[in-house]
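Feature annotations, reproduced from Swiss-Prot:
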- 19-39: transmembrane segment (TRANSMEM)
- 46-66: transmembrane segment (TRANSMEM)
- 94-114: transmembrane segment (TRANSMEM)
- 122-142: transmembrane segment (TRANSMEM)
- 155-175: transmembrane segment (TRANSMEM)
- 196-216: transmembrane segment (TRANSMEM)
- 241-261: transmembrane segment (TRANSMEM)
- 290-310: transmembrane segment (TRANSMEM)
- 329-349: transmembrane segment (TRANSMEM)
- 350-370: transmembrane segment (TRANSMEM)
- 389-409: transmembrane segment (TRANSMEM)
Amino acid sequence: MNNSRVEGSSGRAARKLRFALMGPAFIAAIGYIDPGNFATNIQAGASFGYKLLWVVVWANLMAMLIQVLSAKLGIATGKNLAEQIRDHYPRPVVWFYWVQAEIIAMATDLAEFIGAAIGFKLILGVSLLQGAVLTGIATFLILMLQRRGQKPLELVIGGLLLFVAAAYIVELVFSQPNLVQLSKGMAIPSLPTSEAVFLAAGVLGATIMPHVIYLHSSLTQNAHDGTRQERYSATKWDVGIAMTIAGFVNLAMMATAAAAFHFNGHTGVADLDQAYLTLEPLLSHAAATIFGLSLVAAGLSSTVVGTLAGQVVMQGFVRFHIPLWVRRSVTMMPSFIVILMGLDPTRILVMSQVLLSFGIALALVPLLIFTGNKSLMGDLVNTTLVKRIGWMIVVLVVALNLWLLIGTLLGL
């Protein structure tokens, strides 16, 4: 009886520790449902119905593994990915990594910031510039939570992630997808045309985000509760839950677009404004409003995460620190320039996703090298199977993103 009591109390302690260590993956998961994902998933669903849902499933499984490895690096070494690159690579390589990571962080932020501004424009009827001002104010307010520590920020961003998930549950109810076809689309790989291959590459490129690979390793590096194995076990739960929610949102985006647009003859829906305006007469004003609100929530939370990632990149690579409000002020300038110049915001959003393709392999390769290093990782070193899967992901991601890049440059 005493043994069962001890086992029960140790089980409760393990659950308590697991709960206490949850949060970092929810911040990272926001990067997987940013406005770039909205645009890509809507276009894929409108063009090909449920046929590309399997890409979302596999991309999400890859992303889960990548985020576990990133978090594990921070747990095992007490240093984030940028710091490990700084410690192990020659200075010119480190500076190259810093510059490309900053460019990619800004490109990511451009898409996220403009996405939130479009959301405000759609639901409030304001101009895109006014939407951008509202986005700037809102992100400053959210970033102020960082002064109170990481946990309040985790709670707010986790809440926004859950809001977007709830919004898409409602959208699925409104759109009433065919569950049999939906299940087939998730389970059976299909690439019916060259455009489908291009969109599949876009879905993968919009799913695996280099900036959250850097960020996640920094969010776990200073956790000291429990043993390393206990922290790693808790992290796997954290990633599993957060990334499952993010994966559901991506599936729901594509399934809603398929049910609402593709099967109603609107196969050419390709941008966020058009999706909003098409949803209203097809489903209802409420469905369109919920879409707009979810876009705002995803844009705001992901642009905050992008700002945090940029801070980690700068501090990790070059040991230079600037206040978050200064970084936020500087990184939102390109968005205002794009808007003031009257450029097509959705086109800019898609182009920024293409730019991200350069950074994915650059983040993944050192991550796999470091997490496969026994002297660095100790008992948390990657197994042979994980190493093989990791390098297969690198090859696949590089190949598909090269396809995406070439197709974009050639106007395919």
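If you go along the chain as it appears here, the first residue is 1 and each next one adds 1.
Just so you know, glycine gets a Cβ as well, placed from its N, Cα and C.
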- Query: Do any residues of this chain, six or more beyond the ends of the transmembrane segment (155-175), have a C-beta under 8 angstroms from a C-beta of it, and if so which?
  - Reply: 23, 26-27, 29-30, 33, 142, 145, 242, 245-246, 248-249, 252-253, 255-256, 259-260, 283-284, 286-287, 290-291, 293-294, 297-298, 300-301, 304-305
- Message: Restricting to CB pairs under 8 Å, which listed stretch, 122-142, 241-261, 350-370, is in contact most with the transmembrane segment (196-216)?
- Response: 350-370
- Proximity verdict for the transmembrane segment (350-370) and the transmembrane segment (94-114), three or more C-beta pairs under 8 Å: yes
- Query: Given the transmembrane segment (46-66), which of the listed stretches 94-114, 241-261, 329-349 has the most Cβ pairs that are under 8 Å apart from it?
  - Reply: 241-261
- Note on the structure: Other same-chain positions with a Cβ less than 8 Å from the transmembrane segment (94-114) and lying at least 6 residues past its termini are 31, 34-36, 82, 85-86, 132, 135-136, 139, 209-211, 214, 299, 302-303, 306-307, 309-310, 313-314, 317-318, 331-332, 334-335, 338-339, 345, 348-349, 352-353, 355-356, 358-359, 362-363
- Hey, which bits of the same chain come close to the transmembrane segment (290-310), Cβ under 8 Å, at least six residues off its ends? 27-28, 30-31, 33-35, 37-38, 102, 105-106, 108-109, 112-120, 122-123, 135, 138-139, 142-143, 146, 153, 156-157, 160-161, 163-164, 167-168, 170-171, 211-212, 214-215, 272, 275-276, 279, 324, 327-328, 331
